[in-house]
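Colleague: Take this structure first; my questions come after.
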């Protein structure tokens, strides 16, 4: 509860505002000279006509003014209650002393009460500060008041120093000076400790929630093997994005010993699916290697360009060091030119060694490729053509490198012939570079000869593979022609034939050889003529076994008779041999 501080700092030049402020405090509006400011003031009502009375002790307004600056002294006003009046202390006196505020203090000590003061008077004065939960009054002139809120204690301390007078009596028993101070209470301390423990629990809970939010999620546990999980895992293994997770589950199952005879086929299929990813991984690896080679080539090209520019800069310094230009520079300029030339040559040599190191590594890689075994001679024609084209491209690139090395050697020779030796270090550097270039040139020549020999061998192998391919085509064509002839012969000999000349006219049934061929084909060990006729008689009862046997004997290329058994168990069986002629052909 706070009281508006504007009523305390009201300018007195405005009589209406000053009268209103005094009326709100319950006093007649009087000027500085003692004359009434408002003629219509009714002293019996204690307020102006038509204005609602305002009591500073009413709930909602409060007695404590708003905090003002420390430089401005706080002015306390007279407080009128129902049965008493509170007069403010002298503003020139120092503020009343108070003890140290206990933690969670809700209880105040009130001393200096009148002897005739009762609990009703205490509630009337301090009840306007806030809700009172307990009052412990002593037989002497003091009491302890416990409020419901801690903020109410500050409002009660505002009344410390006020002089209290019951009614209009000035008797000693009806007057006193209030002294309000903090008081220690076990209930306040207990509630404060409980609140602190609750806040600590909330803080720990908040920190735990924050740690849980920031903690990375733990991997889910690996499920045990089941038919449903196995089918899902098989689909995940085939997916490139989920392959790593699926392989981890498969590995866990294998290590757990989930494999048995019933699910061995499922595990085999999953392992086979895992193996199929090798091709994809190899293609990705080759793609990355290709990108790395392109980056190396780009770096080598850029380094060669930088080295060429360094050579030009060094040539500029060497041209400026000649006699006809050197004499025109001052001593300081010559010193700077000499220093710049040395720096440029050092950087040029460093970059040159780096480039030579890259080329030596490439030569070593190419020599390692030469030591590998040659490919199989039974490669297809497409692979041979691609290898031949690759060898031609490598041959062209080697020639270009050889020409570049030759040009560099010639440039170095020309520079050594034109330029005078400045220092012995430059001569040693040039000689070392020349020796490196000569060695590289010799190595490139040897490698070029080897590549030419390999190219000739590959061309011969390619020619041989083309001849073998032509021979295979001829053999395939001959086999196709033989198969067509055999099929035409079987069609002419295996058409519908009659049993005898008389049977053609007497019986309308024609024996289908296709049915007999199919019947004997499903009996690989053969069947007797009675067994065959018993099957055909279901189709037509007029079929005679002798006629069927005569028909089968007329086609030896399709049907063959074999004797099985010994003695009394001797039995004649017919077999289908139509496909054996195709196999032999």
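Glycine is no exception: its Cβ is also placed from the backbone N, Cα and C atoms.
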Colleague: Looking at 236-270, 271-305, 306-340, 376-410, which one does TrEMBL call coiled coil?
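Modeller: Within the set 236-270, 271-305, 306-340, 376-410, TrEMBL attaches coiled coil to 271-305.
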Colleague: Can you say which of 97-139, 140-182, 183-225, 355-397 is given as region 'Disordered' in TrEMBL?
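Modeller: Going through 97-139, 140-182, 183-225, 355-397 one by one, TrEMBL flags 355-397 as region 'Disordered'.
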Colleague: Under 8 Å between C-beta atoms and at least six residues away from its ends: which parts of the chain pack against the coiled coil (271-305)?
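Modeller: Sequence-distant neighbours of the coiled coil (271-305): 234, 237-238, 240, 243, 247, 250, 351, 354-355, 358.
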